[in-house]
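Copying in the features that Swiss-Prot gives for the protein in this structure:
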type: DOMAIN; residues: 4-280; note: domain 'Protein kinase'
type: REPEAT; residues: 842-880; note: repeat 'HEAT 1'
type: REPEAT; residues: 926-964; note: repeat 'HEAT 2'
type: REPEAT; residues: 1025-1063; note: repeat 'HEAT 3'
Amino acid sequence: MENFILYEEIGRGSKTVVYKGRRKGTINFVAILCTDKCKRPEITNWVRLTREIKHKNIVTFHEWYETSNHLWLVVELCTGGSLKTVIAQDENLPEDVVREFGIDLISGLHHLHKLGILFCDISPRKILLEGPGTLKFSNFCLAKVEGENLEEFFALVAAEEGGGDNGENVLKKSMKSRVKGSPVYTAPEVVRGADFSISSDLWSLGCLLYEMFSGKPPFFSESISELTEKILCEDPLPPIPKDSSRPKASSDFINLLDGLLQRDPQKRLTWTRLLQHSFWKKAFAGADQESSVEDLSLSRNTMECSGPQDSKELLQNSQSRQAKGHKSGQPLGHSFRLENPTEFRPKSTLEGQLNESMFLLSSRPTPRTSTAVEVSPGEDMTHCSPQKTSPLTKITSGHLSQQDLESQMRELIYTDSDLVVTPIIDNPKIMKQPPVKFDAKILHLPTYSVDKLLFLKDQDWNDFLQQVCSQIDSTEKSMGASRAKLNLLCYLCVVAGHQEVATRLLHSPLFQLLIQHLRIAPNWDIRAKVAHVIGLLASHTAELQENTPVVEAIVLLTELIRENFRNSKLKQCLLPTLGELIYLVATQEEKKKNPRECWAVPLAAYTVLMRCLREGEERVVNHMAAKIIENVCTTFSAQSQGFITGEIGPILWYLFRHSTADSLRITAVSALCRITRHSPTAFQNVIEKVGLNSVINSLASAICKVQQYMLTLFAAMLSCGIHLQRLIQEKGFVSTIIRLLDSPSTCIRAKAFLVLLYILIYNREMLLLSCQARLVMYIERDSRKTTPGKEQQSGNEYLSKCLDLLICHIVQELPRILGDILNSLANVSGRKHPSTVQVKQLKLCLPLMPVVLHLVTSQVFRPQVVTEEFLFSYGTILSHIKSVDSGETNIDGAIGLTASEEFIKITLSAFEAIIQYPILLKDYRSTVVDYILPPLVSLVQSQNVEWRLFSLRLLSETTSLLVNQEFGDGKEKASVDSDSNLLALIRDVLLPQYEHILLEPDPVPAYALKLLVAMTEHNPTFTRLVEESKLIPLIFEVTLEHQESILGNTMQSVIALLSNLVACKDSNMELLYEQGLVSHICNLLTETATLCLDVDNKNNNEMAAPLLFSLLDILHSMLTYTSGIVRLALQAQKSGSGEDPQAAEDLLLLNRPLTDLISLLIPLLPNEDPEIFDVSSKCLSILVQLYGGENPDSLSPENVEIFAHLLTSKEDPKEQKLLLRILRRMITSNEKHLESLKNAGSLLRALERLAPGSGSFADSAVAPLALEILQAVGH
């Protein structure tokens, strides 16, 4: 089995979360639905219908898994959101778009119907868009094979489910209500009670087309009864787009909608007529013309189901179809059946139970998508929209006092998901009950449906009620009479599942009659069924009137349970009803906000329930009692206070630890969690009885809900200060909490952040342990997943609130940490032997320095913690480090040599992290120059080689960044001041040390030279400082020592520095020449050019190219300087000013070795880099102007070929003219070169092409030059 990586959450429902995911080891992205196990029937249905369907308009199923807590469905990822979102955003769509979308819908639906599948619940939220705009049917939870009973299918799957289901919600409605979809798109015949059909799907399709065009469905009302009446009785209005500027609907479209929205299914469009409709403009011309309702429908004989046995036949394994080689296009209804649901399971039952960790939550940021994949019927997903603002730039504004912080934290301890209430009665997690059925034939009164009962007139209702009471009150003289009464009670069980009906029955005389029969009925079967009816009425009623005798029923039930306490079966019948009644009273009292004497629950009821929790009872009884406590303690009422005793916590904990059924364990810890909400001592009693370690170990549970409730309990404990000192000192506890940050559950991660915040508030030292356990990484990951705004999902919103508070606290804590470090260092400043108290303070504070490093390297914290105050404090710490390094202060004896060195290293590393973001230096330039750079400069003199190198590297990189920054908005003056301070600092403190620094082993000279490069590049004054500091000889000495590794960092810095010095107008060139500039440049240029011309080593070519360009730049500056001096001397000679030309002659003599470079410069001319050609040709031109053709190899055969190639390939007249002038100067100054040219056939031909009269289009300035050269050689 393969694991999956989960990225961001892209959809959410009440019981389902949808993630964008990726199969580990591949680049295939998928949608992964994580759903509670209570949705097993729906998910199983989806899988059995779609697992072999491959169609462009149907979301592809890949595979499914079952883990300890959830079902996981892996399907095709659709990145365009849902059709519901599109309609909501655009309000209405143009008719052309409706046609395009409609073609996709019809293609997909037609394919499903050909397979014998009815979608049954077509709505915009179940239609997804792929990136290019293709519509796809998704969420087949309520789809079915034509003719089957989906309710029975669900019941069969649910019956096969084991007791270890860990989903958080138990079904609140019956199977019948569970298989109902959205009524807005339901066909009239289905509303009346008929089964779904092809025709009803086509009605829904018509509603969808109508809504796309007009922006609203054809029938809509907030009231279900009003909506039903509209669907059954009214005709839809013609569709009108919301945007009045858009064209009205065409006659073809109106005709199409009229055909699809016929109330009589016999008159509705069939597939044949639909595909041939003119609205589609022959888009389905190639479709199967035999497609008709009759062809598509499956025989009722084949699919008929009359009872549970037939329902099992409907569940037949689709592998049989594969074995028989089923033909494409043939109705496949029978192929979706399962003979035995255990043969059709997600991956886990065959391979052993899987752990939730197979779905790993990614910590890598990914762009959000707006994919929407919805699951449960009736569930509205909250879809993520693309991020508009990055949460990483979110700053927690303002200072939050600890009182305000803890106040906000207390509000976050309990969430809605901690207080979910599920039914006590008919709860399949507690005990699976057979479906309640009644026989209408022996029911001696009208068999009204729930919908019919809702619309009965008062007189009819009273008549109905009288008949019911009469039959219940009748004596049971025979077995038949008893069966009839039981049948009637079964009927009441069915209708009591509806809220309005239950409310009316509870407040009718029937309720008093039921209590009476519960007390006196001789038949215990009837008593049990009466109790069941009472429980269902209590569970579903919406209001409770004060005169309703619920307390009488509670007292009676308590007495019956107490009198028959050894009868476990009887307790199992009566306890759920007792619990529902107490919970009903508690909720009503909470609504009324003050206790009612008439609703006071007797103490005996609490006593009975506590007895039912004890060891030795059957687990079902334990579970029922725990569920009652869980529900009642969700409320703030007098009833919940009755359960708060000294023994309740340990009893529930015993159930949690010793039960084998996960559902009971979850209920027990959930009940404990809710009791602790009223009285934290309940959990305190648990810790004192079983020990803190045992309780902490329960956080490692594989059940997500248990982890969630345990985190809630610990947060509640910490908020009250109970066991505070023990918990905040327990490193194992902190490590366990941080491990929970890997959970795929948003709620668990949020609560883990909240618990950590409580710990960090009271124990700052745990921040270091948390950072070492990757807390900052977890914060960054979840910060990417939380975006501010209304569109934020509830789970992410909760996570965002917890994260914001944690980030706010850590940001506010950092200055305190730095303050403590500064105080501890200030107290020992200048002392060789710190006192015991000072040693203790150092040991406590200095180890927290890594926290600073963790925060400044975080993109979440860095913008918030790096402030002017922070940099000032940091600079002060560096000053203390300087004192420690120089020996003025001794902390080695206090904390140890290793700890001292680690402290210094981390401090320097923190600034290294800051300078990776130059904007921070720009904002606080003066603070950096005035408070951080001086101690860094002092550390360059350190005796410790590591600190000397580290500080020099930081100084070099910081200086480079500072001098490269540009300032505006009135900051120029501050910039000038800081520049002068920086210059003075380097001049007075650093440059005097360079004599030793430059002669140290690598890489020290490289960083030292890099600083000089940055300063000389942007500050001409600094060039004079370099010369005055007598660094020039040292620079050339470094050159000699490192010339063997010319591509190394040191030589690159040397060449860059020489380039700056030579290019500076104020530079003392005579000093450079005296120190051997010419010979050094000749050597360096020769070696670098050789590397560039080596065709066999491309790596060296690429590395040497920038270096070569710098050296050529230096050469060009030298030659330009020389030619300028020579020109001035010639001008003086012509004018007869009498100036001595000796200086110019000496300079020419000094530069004469540069003529050896001519034979290197010519091969560089064909270089692919135009800049190298440009500077090489300029250098060559000046050299031949100054020295003519002195180099004997200037026009060697190889060089002649290069000139010939260049004159042929270069098209720019300026470049041609420059090359020709170089040639002319060579041949006119050296007879040997003239002779060489006479024999150069290729070069002569190139010159002939450029000469006048050759038929070429040579430039007017180029042609005479070419002709002049040809004439000189006799052509």
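Don't overthink the numbers, they just go from 1 along the chain as shown.
Glycine residues also receive a Cβ, built from the backbone N, Cα and C atoms like all the rest.
Describe each of these features in terms of where it is and what it packs against.
Looking at the domain 'Protein kinase' (4-280) alone, the prediction's average pLDDT is 86.
Counted with DSSP, the repeat 'HEAT 1' (842-880) comes out as 32 helix, 0 strand, 7 coil.
The residues of the repeat 'HEAT 2' (926-964), classed with DSSP into helix (H, G, I), strand (E, B) and coil, number 34 helix, 0 strand, 5 coil.
For the repeat 'HEAT 3' (1025-1063), DSSP puts the residue distribution at 33 helix, 0 strand, 6 coil.
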Give the nonlocal contacts of the repeat 'HEAT 2' (926-964) in its own chain as ranges (CB under 8 Å, at least six residues past its ends).
868, 871-872, 874-876, 878-879, 881-882, 885-886, 904-905, 908, 911-912, 915, 918, 974, 977-979, 981-982, 985-986, 989-990, 993, 997, 1003-1004, 1007-1008, 1010-1011, 1013-1015, 1017-1019
At a C-beta cut-off of under 8 Å, are there same-chain residues at least 6 beyond the repeat 'HEAT 1' (842-880) that contact it? List them, or none.
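Beyond its ends, the repeat 'HEAT 1' (842-880) has Cβ neighbours at 392-393, 395-396, 764-765, 767-768, 771-772, 776, 779-780, 783, 807, 810-811, 814-815, 817-826, 828-829, 834, 889, 891, 894-895, 899, 903, 906-907, 909-911, 913-914, 917, 920, 924, 927-928, 930-932, 934-936, 939.
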